[in-house]
Ligand code: AMP
């Protein structure tokens, strides 16, 4: 396997990332990489401080949205780890754990092209040797709303694996996408509540030309479904354009687009307060976020947009 090379003070690769499957090996590689960088820096008389580790957690089936997170990570840190793990703990019974796309070879090739040095791709047995973690992080009230109402236990499973990844990798920064707005809210809250040292960096949603938010699940959409799915982003854009008339006007505008599309089965459309992630009251003004989730065929899609309410 190709060893990480050191270029310009950052751990980089010439051809391939190291794909690591165990916690012990990852930790030892990261310790080595940090040590080598530190001694290189010392050799150059560069104080520099401890090399920064940046983590990008993913479930693989990488697309251009993931790659923007990866590029940001590479610009932020000295050592970048992309984790690829389809976390069984965050899938409920009857969800798409079995059919979730798994494309490790293509993912590693895409990460090689970006110059990522380390890919952590454990099997479930490595992350959950007892079958499932009996100790879990609980997401609290917000964890049972919206995505959490549709997918009971999802956010406890997500936070548990994120906590494990933070403890395994010890990142200075972890990069997440705003696409999963409730996930970002809950991860930021977990970091604050449980005093993780990791800083969370959040990047905007990457969309296709037609507006559809990129998602690994979009692969499952047939052409007519994909066309219909654009009603979600169109609805959010319509909402944002009338947000200066208030949240009711924004909701009406979004409903008009989404409800007109018979292939889109709306689950929820709601405006939340970004501070609490609870639905806004009539008196709320200022920053807010509209969230949408829908089924298109068997595919569950989510999207969101920032609103500025009068
Ligand atoms: P996933 O592999 O779906 O768990 O996503 C891994 C990370 O990529 C999460 O932080 C997501 O929010 C982020 N992500 C997924 N899709 C997008 C997108 N279209 N734009 C920006 N970030 C995204």
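Positions of Cβ are set from backbone N, Cα and C atoms, glycine also.
TrEMBL annotations: computationally assigned, not manually curated.
Checking TrEMBL for region 'Disordered' across the ranges 31-50, 51-70 points to 31-50.
Within the set of recorded positions 59, 62, 66, 90, 59, 66 have a CB atom less than 6 Å from some atom of ligand 1. If you measure from the Cα atom of residue 66 (active site, proton donor) to that of residue 206 (ATP binding site), you get 9 Å. Residue 90 ((R)-pantoate binding site) and residue 206 (ATP binding site) are 23 Å apart (CA-CA, integer value). Comparing the binding-site residues 59, 62 on other C-beta atoms within 10 angstroms of each C-beta gives the minimum for 59.
If you draw a 10 Å sphere around the CB of residue 206 (ATP binding site), it holds 18 other CB atoms from the protein chains shown.
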